[in-house]
Amino acid sequence: MSKTTAYSWTYLLCSIPSKWFYGVRAHANSLRHLPNGWSRTLGYLLLLVLLSGGCFFGTWSSIIEIWARSKTYTHGFVIVPISLWLIWSRRDYYLRLVPTVAYSPLLAVLAGGFLWLCGDLSHIVIIKQVAAVAMLVAGIWVVLGHTVTLSLSFPLLFLFFMVPMGEELIPALIEFTTTFTVKLIRLTGLPVYRDGHYFTLTSGSWSVIEACSGISYLIASVTLGFVFAYLNYSHYWKRVLFMLLSVVVPIVANGFRAYMIVMIGHLSDMTLAVGVDHLVYGGVFFGVVMLLLFYLGSFWRDPPFTPIAIVPRKASVSSTPQQLAVSVLLLAGFGIWQPLAATLLDKQGQLALPAYVATQALGDWRQTADPKWLWEPKFPRAAEHSKAFYSDSHGNSVGLYYASFGKEEQGAELVNSENALVSAVESRRLRISATDTLAFALGQQTVTLNVTVLKENSGQVLVVMDSYQLSGEISNNRYWVKARQLVKHLSGDTSPELKLVLWVQPDNDDIASAKRLLTGFLTAWLKQQSI
């Protein structure tokens, strides 16, 4: 490297920090001279963001962790930059508005806080995440006032796209994609046999799994579609119409994508589109569809709209005492929920199982030795569990299992998808051959249970019933259980929250008799315990 080149690089590297410093100082000076009290307001907004991050650090961390872990939600990293860019692109308009504190949105802050409390007590992460974003938006509303917040409504509401939600749509999307694909195949004139989400052609078999649901395409389309509609249309009906199209088009397009992949595989004798290459075909197809959607949408774009800032006649910058008062109220509105949740949860966490689970005799039933059946329930994250077997005078035996999760933690909750009857390891020798629900009246309540038939590779059958037991009621409805848990925690009710499982290995695979046996035992059990 020549001396001249070395000198040039040295000068450049040394000049960068000084240029950056002077640039930052210039921006800082310009911020101090913003009109209508914006410089002080921006300072309060920064403090609000720090307050939200500090009070709900765990919730915000969970959002970012999901962005980093799941490709479906990687877009979350660009939501805040996009929102800030949308605001920056119209900064001249916003700076003509006068930010004045508003007190009524404090109610929205409290409502968001209560929602977060409900999510924390019921261990539903997505509710906590939605609540954290809602509280931040409501806090901004308090600091900026009604007029400014209304003008910023889209960039602020766009922040809700940070919440990683949508996975609950996957089963419905899988069902739609399967049905849509099979119907198109039949319209093509090809014979196809469908079994659930699996279908078979003469050339081979296919299945629609989570990766084929199109959830990633849907989320990407909705996010981009909302921004496109906001930037290109000033008429609200056009915005709403394009937003709806950004929801419908990717769902239908994913159906055509699946059909296209199946037909490529079928016509190539299963040599194409049966491996990683089908992801490439699908990605290219979706990209073309989205480009076509945005291209067609551009034909109806409205001319650039230059809004005129209309400042209320008596609008004035909020005084320092007003802003300090609002700051104290926001500090309280954000800060009370974590301690309150900890206090309420400390009252819970009853680890010990109730005494009645150790009952030795029950009418005609007596506790007996383990018959060593081919399966028994296992919930590794349970805080405490109990297993017992009972037999009657006719030699019939049943298994009874209770599990308590005590002071629940994330991943160790009473209602959790991890609490499966058959683990991944057990699935190598066991499969679920049938599922059903059972309901029967007991006193003033209706007992509901899940009924599952397990079949071993050898052909041996087990009949399993499971449900949840809370506050004297038994229900298999997961949503009811979550709601009941929330009410219990808010009211300070410390009664046990239990997972209940009964099972039997029937003679001669007589499933109907096994159901009657389990129902009769459970009825006698519940009557004696007077739950």
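Any Cβ shown, glycine's included, is placed from N, Cα and C.
Database features, via TrEMBL:
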- 41-60: transmembrane segment (TRANSMEM)
- 72-88: transmembrane segment (TRANSMEM)
- 100-118: transmembrane segment (TRANSMEM)
- 130-163: transmembrane segment (TRANSMEM)
- 215-233: transmembrane segment (TRANSMEM)
- 240-267: transmembrane segment (TRANSMEM)
- 279-300: transmembrane segment (TRANSMEM)
- 321-340: transmembrane segment (TRANSMEM)
- 330-527: domain 'Methanolan biosynthesis EpsI' (DOMAIN)
### Summary
Model confidence for the domain 'Methanolan biosynthesis EpsI' (330-527), as mean pLDDT, reads 83
## Note on the structure
Counting only residues at least 6 beyond its ends, the same-chain positions whose CB falls under 8 A of a CB in the transmembrane segment (215-233) are 71-73, 75, 79, 82, 86, 154, 158, 161, 166-167, 169-170, 173, 239-240, 242-243, 245-247, 249-251, 253-254, 286, 290, 293-294, 297-298, 300-302
### Query
If you count Cβ pairs under 8 Å, which stretch among 41-60, 72-88, 100-118, 240-267, 279-300 touches the transmembrane segment (130-163) the most?
100-118
### Message
Six or more residues beyond either end and a Cβ under 8 Å away: which residues meet both conditions relative to the transmembrane segment (100-118)?
### Response
56, 59, 124, 127-128, 130-132, 134-135, 138-139, 141-147, 149, 315-318, 322-323, 326, 329-330, 333-334, 336-337, 340-341, 344, 486
